[in-house]
Amino acid sequence: MKTNRFMEMALDEARAAGERGEVPIGAVVVLDGAVVARAGNRTRELNDVTAHAEVAAIRMACDVLGQERLVGADLYVSLEPCTMCAAAISFARIRRLYYGAEDPKGGAVDNGVRFYAQPTCHHAPEVYSGLNETESAGILRTFFAEKRELP
Ligand SMILES: [Zn+2]
């Protein structure tokens, strides 16, 4: 199994999001081998449907670096990004996208609209999938299984 220390940090963020009652997805932005930002889903906490882990991490990284784009930065996220996040990753000029588990239902990279393969996409990151895949999928599965058990 492919594992990676930055992906492990993204999984820590995913678990922390789950503990806050959010869908457990986490993301980390890395530039020149250093973590610039790490975030989990915050949609419930902020009442903000755009507060997915990837968008939150990109916002934080741009804020920390004081710049609009993240040229040369890499993003690690536990689950295949959705259409909104795939677009945000493109707009931020992320160099490499690493994701854990595929998301056949909501993903937009290797599933769904395959955002980066569209002629309207002007910057596509290099994509690496399947990092810590089993663990990533397991965190989500456990979260939704526990939710179903609630009264
Ligand atoms: Zn998203």
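For all residues, glycine too, the Cβ spot is worked out from N, Cα and C.
These figures come from a predicted structure and were not determined experimentally.
Listed in TrEMBL:
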- Glu54: active site, proton donor (ACT_SITE)
- His52, Cys82, Cys85: Zn(2+) binding site (BINDING)
- 1-110: domain 'CMP/dCMP-type deaminase' (DOMAIN)
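Remark: Glu54 (active site, proton donor) has Ala27, Leu75, Val77, Pro81, Cys85, Ala88, Ile89 as non-local neighbours, by Cβ distance under 8 Å and separation of at least 6 in sequence. Within 8 A of the CB centroid of the Zn(2+) site residues His52, Cys82, Cys85, the other residues of that chain are Ala53, Glu54, Val55, Pro81, Thr83, Met84, Ala86, Ala88, Ala108. In this structure, Cys82 is the one among the binding-site residues Cys82, Cys85 with the smallest number of other Cβ atoms inside 10 Å of its Cβ.
A sphere of 10 angstroms centred on the C-beta of His52 (Zn(2+) binding site) encloses 26 other C-beta atoms. Confidence annotation: the domain 'CMP/dCMP-type deaminase' (1-110) carries a mean pLDDT of 96 in the model.
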